[in-house]
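Over in Swiss-Prot, the protein carries these features:
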- B:7-257: domain 'ABC transporter' (DOMAIN)
- B:G43, B:E44, B:S45, B:G46, B:S47, B:G48, B:K49, B:S50: ATP binding site (BINDING)
Amino acid sequence: MWKVIIRRILLMIPQLFILSILVFFFAKLMPGDPFSGLIGPHTDPHEVEALRRAAGLYDPWWEQYLRWLGNAIHGNLGMSYNLKEPVMTVIGHRAINTFWMSLLSVILTYLFAIPMSIVAARNEGKWQDQLWLTYNSITFGIPPYVFYLLIIFIFGYSLNWFPTGGTVSPDAMGIIPVFFSKIYHMILPAFSLAVFGTVGIFTYFRSGILDEQTQDYVRTARAKGVKEKVIFRRHILRNASLPIASNFGFVITGLLGGAIFAETIFGYPGLGQLFITSISGRDYSMITALILLNGFLGLLGALLSDIIMAMVDPRIRIQ
Amino acid sequence: MESENILEAKQVSVAFRIAGKFQKAIYDIDLSLRRGEVLAIVGESGSGKSTFATAVMGLHNPNQTQITGSILLDEEEVIGKTGDSMASIRGSKVGMIFQNPLTALNPLMKIGQQIKEMLAVHDVYPENQYESRIFQLLEQVGIPNPKRVVNQFPHQLSGGMRQRVMIAIAIANDPDLIIADEPTTALDVTIQAQILDLILEIQKKKNAGVILITHDLGVVAEVADTVAVMYAGQLVEKASVEELFQNPKHPYTRSLLRSNPSAETVSDDLYVIPGSVPSLSEIEYDKDLFLARVPWMKEEAQKVISEKMTEISSNHFVRGQAWKKFEFPDQKLKGGKK
């Protein structure tokens with residue numbers, strides 16, 4: 001198994017390499033460049049030209065790519081054109097914000113979705129089931145950005161219960177107040193993300209439980225005289241959780257994926273928000289780094305999911 | 001003293017809720033089984049064999065089914081028992097072997113755990129004997145290398161091995177009654193005989209009663225003591241195995257026997273019963289339902305019959321009177337179509 005894992009990790013290198021070429025190429029195809037935004041009525045066009053020349057933007061794209069690649073191999077992903085800081089430093093900062101917020105939202109997602117699915121499946125067709133099915137159809141139908149704006153309007157603006165942006169309040173001093181202030185700032189975006197995350201898990205888990213309930217091995221357990229409660233816990237739930245476990249690798253790596261809509265709308269400075277501002281600012285080095293990061297997370301997520309499946313399901317073996 | 005009859009079913013009817021209405025799936029079934037005997041229930045798919053067995057096990061969903069009549073398991077009434085009181089009977093007094101061993105075991109649990117679960121639910125064997133009992137059972141059902149098998153998962157075993165494990169589970173608590181619901185249907189022909197022999201061997205050793213549900217008449221002839229033939233939820237004929245094979249009376253029994261290939265069959269064509277089992281909503285239980293599939297007995301099919309089963313000779317019961325007029329078309333035409 002370890003051999004397979006190492007081979008799959010090594011296989012990621014060429015995949016990421018190809019991804020980097022594509023990203024670099026397409027980023028250059030976008031109209032404008034990092035310096036377009038600097039031009040105002042009073043700027044000297046010659047100065048901007050000089051900046052572009054100095055940054056090497058007039059070299060052919062493959063030459064720029066090879067330069068970038070040379071640096072990247074040495075662990076240097078370059079400077080952000082717009083933030084004038086090393087790309088790695090910026091991503092590092094934002095990644096921490098995104099990680100904690102995503103973690104909170106994932107925890108909330110499972111806290112909502114799992115009891116919801118169990119209650120719905122155990123009462124199939126009854127009002128409890130109808131209630132959660134309706135609830136999930138509604139959240140599935142609402143565009144997330146509309147929902148986020150609504151949440152901000154109600155809880156941030158009208159009721160004024162939660163802050164509408166940032167990660168920490170400026171007057172929080174000391175470890176504990178900062179910790180609580182950070183949690184306080186995460187709650188709205190994390191909760192809103194969880195509302196949408198719930199739909200997928202609910203749908204899978206509820207139908208998983210319903211499927212497993214009718215399986216032959218459940219009838220065998222009944223024929224053994226096992227009590228219904230135990231059958232549900234020991235036989236049905238365990239088998240019904242497999243599809244959820246199969247997705248868990250992506251959930252783990254997704255903690256660093258960044259939520260583009262949620263972070264932008266809630267003014268939460270994480271990787272998702274950074275991605276959007278980098279694209280609109282044509283921050284080539286940042287865009288490339290972020291997409292590569294996401295590509296890597298995707299590949300890693302698939303590998304992690306396979307490993308998790310091999311651990312929980314004896315029928316599955318990594319090959 | 002223990003009663004002679006391990007199973008005593010009287011006027012058992014089971015109705016399923018279909019589209020809000022209860023539709024009877026089996027009607028007025030009277031069957032009994034003595035300790036140490038094998039009762040075979042035969043009939044084509046949809047005749048209600050499994051529905052009856054499921055009722056004996058109390059495995060029907062109480063919200064979706066209505067069961068009436070009486071089923072005495074070792075003098076204990078089963079009908080009406082639900083939840084945990086029924087659960088304590090299942091697995092201790094009755095053990096059940098199902099049709100498809102490939103899906104009947106939990107894919108995530110080791111074989112040893114699945115047998116242990118059966119022992120742990122009932123207090124027949126004390127906890128410190130579980131391990132030795134598991135090995136004993138696996139040996140008894142003929143599984144080579146039990147030490148390895150207890151730590152294996154179902155997918156690592158063949159279908160025949162899995163059915164052996166199912167049998168080990170069913171007999172773990174020495175039940176008085178073993179219900180085998182088409183235990184060999186999903187298995188390779190070469191394995192079928194082994195599994196049947198195993199069930200019979202265990203039955204003899206424990207002096208348990210066996211209900212064998214099957215549509216394989218060859219199996220019935222070999223292993224059964226008594227045969228009950230079911231059609232569309234009705235019992236149509238019941239007799240000892242010799243009597244039934246030598247002297248079948250009901251048109252359905254005769255058709256079934258005739259459609260079974262045998263070495264003595266002279267004709268190139270197998271007899272085919274036209275039509276199929278009626279669906280639940282079309283069934284009228286006060287008639288002899290099979291006659292609807294006999295084209296030249298249409299008027300008989302309309303007759304309401306008052307007596308259900310008549311004893312025509314010692315322990316040979318047949319439904320209705322129409323069987324007296326039944327003849328196969330080729331016999332009727334003297335010589336048949338050839």
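Every residue gets a Cβ built from N, Cα and C, even glycine.
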Sparsest-packed of the listed binding-site residues (B:S45, B:S50) - C-beta count within 10 angstroms: B:S45
ATP site, defined by B:G43, B:E44, B:S45, B:G46, B:S47, B:G48, B:K49, B:S50: further same-chain residues with Cβ within 8 Å of the Cβ centre: B:T51, B:H215, B:M230, B:V277
For B:S47 (ATP binding site): DSSP state (helix, strand, coil): coil
Local confidence of the domain 'ABC transporter' (B:7-257) - pLDDT mean: 90
Which same-chain residues, if any, lie at least 6 apart from B:S47 (ATP binding site) yet have Cβ under 8 Å of it: B:M230, B:Y231, B:A232, B:G233, B:V277
CB within-chain contacts under 8 A for B:G43 (ATP binding site), separation at least 6: B:K49, B:H215, B:V229, B:M230, B:Y231, B:L256
Binding-site residues compared (B:G46, B:G48) - highest count of Cβ atoms within 10 Å: B:G48
Most crowded position, judged by CB atoms within 10 A, among B:E44, B:K49 as binding-site residues: B:K49
